Amino acid sequence: METVAAPIPDFGAAPPEHNPNPAEVEVLRLRVDEVVQKVDKLEEKVNEVEQFYTNLSKKQQQQTGSKGSSVVKEKEKEKQVLSIRKQQQDASKREAAAAKRMQELMRQFGTVLKQLTLHKWAWPFMQPVDVKGLGLHDYFEVIDKPMDFSTIKNQMEAKDGTGYKNVREICADVRLVFKNAMKYNEERSDVHVMAKTLMDKFEEKWLQFLPKVTEEERRREEEEAEAQLDMQLAQEAAHAKITRDLSNELYELEMHLDELREMVVQNCRKWSTEDKRKLGAALTRLSPEDLTKALEIVAQNNPEFQATAEEVDLDIDAQSESTLWRLKFFVRDALEAQAKTAPASTGGNTNDEKLVNNNNVTSNNNKRKREICDAIAKTAKKRSKKPS
């Protein structure tokens, strides 16, 4: 049996003689363009906020179980949220103070090095190795990075930003001085013995100085963690403000759209009883998904209307002109889409698989359609019993 698609009804169409005023059309066009521009800007802000909270969520997942988690919770409770600009200024001050403290540590460490260089066996390591003068032709093949105390001193006194940044860098180069000497010279040679002796003395001095270094490093880590948390909280506060502003702008935009909708409705003719009957009949031909969307349109202007309830009582006559026009355009587009996607009408028998699938879809569709049809028929029956 051939399946014949029912024609799409032309309900609620304005008569040919109803031509809108060109001036009114231009006003509507300009206001629609204004709304579109506002929507584009809002979308950009929404994407920015969404990206921020997506990145924030990833960071929080990575920090789960870390030592700083308790600090994070405590800071969140205190709600010490500062502006991003102030956080940047505070961070600069903290970095400057930390750099100054580290400079003081390096100065103190310089005293330790001076004591070491005054040792009677320190003279071979005071200047760079005279490779050419001593005829050490294979020196650079054995030693990758030469080092000596004069080079270390110059690095410690550098003012152009190329010097040492912390004490551990100085410590590494001091060790390199002695390791190079021990590596190039034989174990029983004088230079090897002198280097090993001075290195042992240096390690003793380093162990005594190390607590000051670790304390400063711990303090700097805590300050950096606190600064990072404050910056994060400031960013959250800034984006929270953006979110509030977005909410207010969306509300204003919604009011603007309502005004536009009413202007359009005022330029359209009133719905007749026949138009409403055609709309009610067209609703019964929608798919379950489109029926749900149509009911959601009704619910937008009717807060008490339960679009997802098991029993739906839809009174077409009770709907506003704005709702009826929105339903009209939605139903028209939905039925046109259904007509385009519907399978071509064919005669004869189909295979068993298609028959089973069609029966299942038809059963589901008919169930939802019967609910809407019954609701519309029930409402129409109530109206027919009322005295005219």
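Using the three backbone atoms N, Cα and C, a Cβ is placed for every residue, glycine included.
TrEMBL entries are annotated by machine, without manual review.
Sequence annotations record features per position, and here TrEMBL assigns compositional bias 'Low complexity' to 13-22, 57-71, 356-365. The compositional bias 'Basic and acidic residues' annotation in TrEMBL covers 87-96. Taken from TrEMBL, the feature compositional bias 'Basic residues' covers 379-388. The domain 'Bromo' annotation in TrEMBL covers 117-192. For 261-342, the entry in TrEMBL reads domain 'NET'. Per TrEMBL, region 'Disordered' is recorded for 1-22, 56-96, 340-388.
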What does DSSP give as the helix, strand and coil breakdown of the domain 'NET' (261-342)? 54 helix, 0 strand, 28 coil
Just give the helix, strand and coil counts over the domain 'Bromo' (117-192), going by DSSP. 42 helix, 0 strand, 34 coil
How about long-range neighbours of the compositional bias 'Basic and acidic residues' (87-96): same chain, 6 or more residues beyond its ends, C-beta under 8 Å? 223, 227, 230-231, 234
Mind checking how the compositional bias 'Basic and acidic residues' (87-96) divides into helix, strand and coil residues in DSSP? 10 helix, 0 strand, 0 coil
